[in-house]
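All remarks here apply to the structure that follows.
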Amino acid sequence: MRHFVGEVKTCVFLFRIRSHSTSSTASSEASIDLTKNDRHSSKKHKSRKMDEVERLAEMERQRRQREAEQRLIEEETAKRIEELVKKRVEEELEKRKDEIEREVTKRVEEAKRIMEKQLMEDLEKRREKQREEERRREEEERKKQEMVEKILEENQRKIEEAQKKLAEERLAMVEEQRKIDEERQRLRKEQEKRTKEEQKKILGKNNSRPKLSFSLKPVI
């Protein structure tokens, strides 16, 4: 790379030398022309104006020629510099081809590693979210199950209480029925006893009456 910069500086230096040489030559020629014109001015007084015009025309022609040469030199220098830069860039790229490929490979691997890491993190986040959702569902199911069990226990308790109350009421009814039956039995016995006593009284009174005789007649 340093060698490349040196060559560029050399081209610029040569360009400056050519430009300076052209300018010096033009100045020298102008000085010579002025000297000659001054030397022969006395002899050629009549044609002085014509010579001055020609001299100025020549100077203008030379100036244009120098400008054209300078432009050509500048264009050529720029072209060579561009070609040199292009060449050096290609050479540097070729020299650094393996290095660039290694750097590209390194960056690709690094990007791949970062992407894989990101994907793994995203996957783990999704898994954790699924686990959290599963835990939430399990907790909801557990609460629902506990609620159902509490409801069933409460219903069972109410059923047992109702059955107990019904059994107590039935037992009370049986006891009441027993008492009613006993009372009915007692009343019946008392009634039978009174009936027997009354019959005895009636039979006792009937003993003083004559005996009645009954006979059966044959049926015709």
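Using the three backbone atoms N, Cα and C, a Cβ is placed for every residue, glycine included.
Per TrEMBL, these features apply:
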- 21-31: compositional bias 'Low complexity' (COMPBIAS)
- 21-62: region 'Disordered' (REGION)
- 49-62: compositional bias 'Basic and acidic residues' (COMPBIAS)
- 120-147: region 'Disordered' (REGION)
- 181-201: compositional bias 'Basic and acidic residues' (COMPBIAS)
- 181-220: region 'Disordered' (REGION)
Task: Secondary structure content of the region 'Disordered' (120-147), with strand meaning DSSP E or B - done: 28 helix, 0 strand, 0 coil
Task: Tally of DSSP helical, extended and coil residues in the compositional bias 'Basic and acidic residues' (49-62) - done: 14 helix, 0 strand, 0 coil
Task: Tally of DSSP helical, extended and coil residues in the compositional bias 'Basic and acidic residues' (181-201) - done: 21 helix, 0 strand, 0 coil
